[in-house]
Amino acid sequence: MKRAADGMEKPKFLTREEREKLALERRQAAVTDQRRSALDLLQSLPRPPPPPPPPLSNPPRDSSSSHHRDSSDRDRDRDRDRDRDRDRDRDRERRRDDDSRRDRDRDRDRDRGDSSRRDRDRERGDRDRDRDRERGDRDRERGDREKDRLEKMAEREREKELDAIKEQYLGSKKPKKRVIKPSEKFRFSFDWENTEDTSRDMNSLYQSPHEARLLYGRGFLAGIDRREQKKVAAAHEKETRAEQRRKAGLDDRPEDDAVDKKEADAAAKYDAFDMRVDRHWTQKSLDEMTERDWRIFREDFNISYKGSKVPRPMRKWSESKLGTELLRAVEKAGYKEPSPIQMASIPLGLQQRDVIGIAETGSGKTAAFVLPMLSYITRLPPISEENEAEGPYAVVMAPTRELAQQIEEETVKFATYLGIKVVSIVGGQSIEEQGFKIRQGCEVVIATPGRLLDCLERRYAVLNQCNYVVLDEADRMIDMGFEPQVVGVLDAMPSSNLKPENEDEELDAKTIYRTTYMFSATMPPAVERLARKYLRNPVVVTIGTAGKATDLITQNVIMTKESEKMSRLQKILTDLGDKPAIVFCNTKKSADARAKDLDKAGFRVTTLHGGKSQEQRETSLDGFRNRRFTVLVATDVAGRGIDIPDVAHVINYEMPSSIDTYTHRIGRTGRAGKKGLATSFLTLENTDIFFDLKQMLIQSNSPVPPELARHEASKFKPGSVPDRPPRRNDTVYATH
């Protein structure tokens, strides 16, 4: 049983070190046994006899003893040799054992070192093979990716080419408009988002928030302009893509250029339609002004244009691009800020555009045409003996001598630092003396039409090099019967320097073309005839005050109740037909509700307010401009800075709290000289605007509702204390 139990014991596995140790022990035991057996063998051999005693001196010599002595000597020598050989063999055997043991130890150490070295070499070889394998895999993956990229690029190029061919021969498919389900369209939203907060429009604190006054850096804030950074990053990414395409050998196709141009136009349109109201235009630099800021600027100064390729107006004298001498003269004359007509006309005159200015007397129009005229003359050679016989460089005509002399004084004042000679030719003075002044040479002639024509007919003056003409108060000159004289003077000028009638035609850089300024308070038919004959692609600049800007707008004010507003609104829109109309509300919630009601009533309506995204605003405005929608329900976001042409009717569904907001709202109609209609629903809750509204209606000769005229709030300005009636009107009651 014990042996069976021993046989069932589990085998014991030895490590490499244990096996080496066990082998060494076994070898040591074998060597020890071998030595022990050799020693036993030596001990078993017979010992040699002890050496004989030394011989005595002079021993007896006989033959037998010498023979015995010789044999014993031989035996002794033999034994000695045998012992010596045995010791030598034993030492040799011992050395051999030591050498074999040393060799075994050395071989064992060598084997151990070789095995570890082989292990290290094997591991290093494995690592090298793995590294080479990974490098090869990466190269293959990179090659596969590059191949896939090139295949995809080639596939895209083929698809673009096929699309271009299909579009050329089959025509492009018109994108289908996504139909919105009524359940999604009229889904009620229970919460208002933070972006729909209208407190910015109502609270002045939100309109001018406090900003950090940092003393370093430039840009939006301390040199960090997020919008500018996005533009720079987009431009850098575009350049990187173009460089990659050039390295890959891919040429830009016209289709790609068209796509890039379309994207650039879209980006420019987005920047121009910037609806973010962060600062007023007075707090922005010239580069930061957006299209909306320029529209608000023009509305603030009641500047309107009619024409093509109109430059931006100037906001201050430092932005006028006038010469240093002229700016010094302007500063010396005490002109701190330019007037609206100067803001609009001077940039046009510096571009030598023909201008028709409609402005009242005293609006500063003299400087509006004198400064560009002097800037033009400074670019010409000075008048000398060689060219003084050819006449002046510029002519200004005025209807009366008083006005001509006034213009002369202003011109001399502005030409102080230029050395330009100015001569006036008016009636009541000697014509010979005036002709003598002209023959002496002058750059500018200021005259009345009749006297100037007399000088031309008598050969006192010529206009061979006159290329700058100003007609001040042209309508008044026509009314006074000076039309033939004006035509005669204009015909006396060389006609070869007239600009081509087609404004797209390229102008000759070496030719000096005529520039004509015409200022008039009105545009009668005779003035229009002059403009059509002598002006080339003129820009009409209209300047007027807020009250006069509303003369073209018929204002209707209806006193009503809140419950009657919607029915009245639907009746007005029904009578209007397909003509565009804008309905103004005070809040975004009210605008959405009114739009929903009008949509249910069958009107094509869209909304515009601060709660909409940039894309939604553009879509709404484009749809309204393109007549896909006939009604635009908006808040005061559309009241300023947004130009919507041909608006036939403006309806104030909810009256604003200030008269300025009311003025800007109704200013959406009656634009560009066209007549417009404005209707306002007034309730007894709008008492804050009663007084100012009544005054505006009276000034514009519009009907005032009896309820508004009799109301107590319309008799006194809000916040003022009414005067006490005279004491004589008091009734005194006697007491008994």
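Numbers here mean position along the shown chain, with the first residue as 1.
Backbone N, Cα and C atoms are what each Cβ position is placed from, and that goes for glycine too.
Here the structure is a predicted model, which means the values were calculated and not measured.
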**OP:** For the motif 'DEAD box' entry in Swiss-Prot, name the matching range from 284-287, 388-391, 400-403, 472-475.
**Re:** 472-475
Subject >> Matching range for Swiss-Prot feature annotation, motif 'Q motif', among 199-227, 315-343, 489-517 >> reply: 315-343
**OP:** Taking the Cβ of G364 (ATP binding site) as the centre, count every other Cβ atom within 10 Å, in any protein chain shown.
**Re:** 16
Subject >> DSSP residue counts for the compositional bias 'Basic and acidic residues' (231-252), split into helix, strand and coil >> reply: 17 helix, 0 strand, 5 coil
